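Right, one structure below, let's go through it.
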Amino acid sequence: MAGFPGKEAGPPGGWRKCQEDESPENERHENFYAEIDDFAPSVLTPTGSDSGAGEEDDDGLYQVPTHWPPLMAPTGLSGERVPCRTQAAVTSNTGNSPGSRHTSCPFTLPRGAQPPAPAHQKPTAPTPKPRSRECGPSKTPDPFSWFRKTSCTEGGADSTSRSFMYQKGFEEGLAGLGLDDKSDCESEDESNFRRPSSHSALKQKNGGKGKPSGLFEHLAAHGREFSKLSKHAAQLKRLSGSVMNVLNLDDAQDTRQAKAQRKESTRVPIVIHLTNHVPVIKPACSLFLEGAPGVGKTTMLNHLKAVFGDLTIVVPEPMRYWTHVYENAIKAMHKNVTRARHGREDTSAEVLACQMKFTTPFRVLASRKRSLLVTESGARSVAPLDCWILHDRHLLSASVVFPLMLLRSQLLSYSDFIQVLATFTADPGDTIVWMKLNVEENMRRLKKRGRKHESGLDAGYLKSVNDAYHAVYCAWLLTQYFAPEDIVKVCAGLTTITTVCHQSHTPIIRSGVAEKLYKNSIYSVLKEVIQPYRADAVLLEVCLAFTRTLAYLQFVLVDLSEFQDDLPGCWTEIYMQALKNPAIRSQFFDWAGLSKVISDFERGNRD
């Protein structure tokens, strides 16, 4: 279109352009342009018939736009910011001089490009300043320093009119995050980030209602937040859940904590992926130490582990699972026992929940141990060189002994007692070592141990626990002489234990002894429990399964009163009974796999 300013000069009626180019072709014409410029007017004017001379500029074709949006300058090859077109360059093209609007380019320049230089002036590239002068050698480089030194931050109506709506939306976003220009993240040593002085002038110009100084000022404020938060990443805690979480703020201490937390969370126990290992088959005898609290089970296990070393696998009591996983079941149980709220349904429900939690680790570990048993090798009698698998308690205590004690104390209802009893399982080869101790000595050891949750236990509690063990032991003796079906018939009231003795073709035990065992056993309690519903098949099946499972066990009795502080002598007694009893047998296990599994259970118990 003819007459458009900034267009190349054509024939003698077009525009004449006096801009020097740095290309090699125009270098030889340098003197020629200088001679012509000596005779040319200071202001370029259009010539010829297409000049439009004498016409009024009503349509605004020659008016330079005044609301150019500021452009972000690209990054140069050296990594420094190339200054962009500033507001000063824009306002210089909008002066009152009629020729000034023709000396610069009215169209939008590409990013990083410079407006045409006036005559007699060779355009020069901007000299970038080193960052060390702006932010100091020990401070974090400021990404907005290149912009603060331009005239765009000087304010003015033209510099804020187009970007005001963007800036207002940005203000609302910062307000939603609890951030503003006077954020608490700003410190005294950041005095170079103050608001430009033109803001007060603009506020006075608008009658006290000053507009914000533009979008880039708020970006600079955002840079202050970024700089401060990068030094104090702990303040991100109050910004949790907001868009500020996308910032990648590095802090040495937080990084170490994150790595430690990630390492802890990704550590998977070997029991989950025990697949690629070389099995080592060894014969081992499984012993389960049982007894009242404080008799010395843990002390004995620690002694045997130190003596036998790799020939022994010690399975500790799962105390951490009982006390630190979800609720503290030990504390809740002792609280119900000491309060003695007998015969209440809510108490029975709480006790049932605790007992079910006590049974979980034993059932899980028994299942895992069963998977590592080499059944093809069978079982054999205990030999002197066999290994030992020593457990701190058996599932028998959690599902039979202590529930029986709680049932007799009226802390557990009949229905809840049946629920716990149904969880009892045992494997052939499990040997129970019942460590008995008189109540006085047991109470002394319990107080010496000094556990807080055991402070409310008294001698009556220990006596009731010993009675429960005795009842289970008497029931086990009955399973060694009578068939499980006959014992269940006695519990259902279909016959008596004396009749069963007389009907036996080869009586092994006298009827008087059998009657005494029955009265002291758990079966006398079971008869009372199932009597109202003795025709129910489920109750009878629970009793039958319990009797059959109980017959799998073997018992070793040790009176600790005879071995006062004599751990080697106590172990000798246990060892000799295991060798003499042909029913106590060793089984073949994958010793390497079992060691890894138990080590993970033991590690979890220590954490």
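Backbone N, Cα and C atoms are what each Cβ position is placed from, and that goes for glycine too.
Note that the structure is a prediction, hence the values are computed from the model and not measured.
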Identity of the ATP-site residue among Arg408, Arg444, Arg445 (reference: Gly291, Ala292, Pro293, Gly294, Val295, Gly296, Lys297, Thr298, source: Swiss-Prot): Arg445
Gln355 (substrate binding site) - helix vs strand vs coil (DSSP): helix
Cβ packing number for Lys297 (ATP binding site), 10 Å threshold: 22
Among Gly291, Val295, Gln355, Arg445, Arg451 [binding-site residues], residue with fewest other Cβ within 10 Å: Arg451
Cα-Cα distance maximum in Å, computed over every pair in Gly291, Ala292, Pro293, Gly294, Val295, Gly296, Lys297, Thr298, Arg445 that the record assigns to ATP: 13
Three-state secondary structure, which DSSP defines for Val295 (ATP binding site): coil
Arg445 (ATP binding site): secondary structure state under DSSP, collapsed to three categories: helix
Other residues, Cβ within 8 Å of Gly291, Ala292, Pro293, Gly294, Val295, Gly296, Lys297, Thr298, Arg445 Cβ centroid (ATP site): Met435, Leu437, Asn442, Leu446
Surrounding CB atoms that lie within 10 Å of the CB of Pro293 (ATP binding site), all protein chains: 15
Rounded to the nearest Å - Cα separation of Glu317 (active site, proton acceptor) and Arg445 (ATP binding site): 18
